[in-house]
Amino acid sequence: MRGVCVSILCVSVFLRSAISQPPTESDTYTECTDGYQWDSQTQHCKDINECETIPEACKGEMKCFNHYGGYLCLPRSASVIPAPDPPSQPGTNLESTAREPFNPCPLGYEPQGDSCVDVNECERDEHDCQPSQQCINTPGAFTCQCPDGYRKVGTECIDIDECRYRYCQHRCVNVPGSFSCQCEPGFQLAGNNRSCIDVNECDMGAPCQQRCYNTYGTFLCRCDQGYELGPDGFTCNDIDECSYSSYLCQFQCVNEPGKFSCQCPEGYQLLGTRLCQDINECETGEHQCTEGQNCVNIHGAYQCVDTNRCQDPYVQVTDNRCVCPVTKPACRDLPFSIVHRYMSITSERSVPSDIFQIQATSVYPGAYNTFRIRSGDDNRDFYIRQINNISAMLVLARAVTGPLEYTLDLEMVSVNPLLSYQTSSALRLSIYVGPYAF
């Protein structure tokens, strides 16, 4: 029996009675027991080195160790120390040529001629390096070197966690034998693969619908005037300015994409951006009055009135003045003259409101003048406030909403008590109330 020690563990292996087996019967006997083969040169059975003849005899991290008549699969870190041969037993046929030759050289060297040369354990596969390690021959020995990114602890290669050394600016991801740097959203790796630089998302197709502003590590979306940023932070929604206030426009507010505009009713035009102004069709020529008519502009429209509005028994003396001759009996109880005037007012005027002043054109010494509304004010919407002996003011007493039309006969009565004389004249005022408060 020959013993084999592995590290501190000794493995005993039962060997055959000799290194080689001679034939037991005759020189023609060539059969050997398992683990041996016939050697025709020595005429003996020779041990088979299964570690060389069997492909991949040991798997994984195990190493094959040959011994007489078989082989062992042991860890690569195991050391095999051959036990000394037992003393020869009587009857055995051991030959001195089977013993290992004497090696006068130090460990790791072998004799070559008269000198000792280094044994390259790496080339002879006489090392215990693991498959992941690189065997490096050294004088008289060898070393097992770990790949980059690993460090050797005992006989094992342990991954180095490079992330502990803060190589990365943002995030470090350790991988076996190496590491990689990653950046936070909004950044990208610089050329050194460690630092992080800002990404200009605006130049890379940021999803902003209108305006994009790059900031450090991110970006902001902004909208044009008249729009507001949606809940997603990217889209811009139109602001309905008209819904915020009823005072943006004097008449009607029209919302448009990104803005609003003001519109005026027919007969009006926009003054500035929000006010409405009456169009004077009589001045612009946009009327259809005939030659026998006069064009009278009113709020939002116009009126065509006959040039001669005098009715019998009155006769026309000028374009707007009619006289009732005293020679006609029918004129006795009528105003001597009627002057036609036209005016237009807006709806919903604050009241009381002075709207028209009456002025006497002829003044007689010693005469007393009084003013009154002779006709046309059936609803008592107006009244007269006399200012002095020759003038008075027509006052709107109640708020009115158009379109309406009044025809008021405003009469001035003149009385001279010394001469026992009384006369009167009238002003026929056509008042047109527009449909709007402007």
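A Cβ is built for glycine as well, from the same backbone N, Cα and C atoms used for every other residue.
What you are looking at is a predicted structure, and each value in this text was computed from that prediction instead of being measured.
As recorded in TrEMBL, the features of this protein are as follows:
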- Cys202-Cys212: disulfide bond (DISULFID)
- 118-158: domain 'EGF-like' (DOMAIN)
- 159-197: domain 'EGF-like' (DOMAIN)
- 198-237: domain 'EGF-like' (DOMAIN)
- 238-277: domain 'EGF-like' (DOMAIN)
- 1-20: signal peptide (SIGNAL)
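A simple way to gauge crowding: the CB of Cys212 (disulfide bond) has 18 other CB atoms within 10 angstroms, across all the protein chains here.
For the domain 'EGF-like' (198-237), the number of residues in each DSSP class (helix H, G, I; strand E, B; coil) is 4 helix, 16 strand, 20 coil. Residue counts for the domain 'EGF-like' (238-277) under DSSP, split into helix (H, G, I), strand (E, B) and coil, are 3 helix, 18 strand, 19 coil. Computed over the domain 'EGF-like' (159-197), the whole-number mean pLDDT of the model equals 93.
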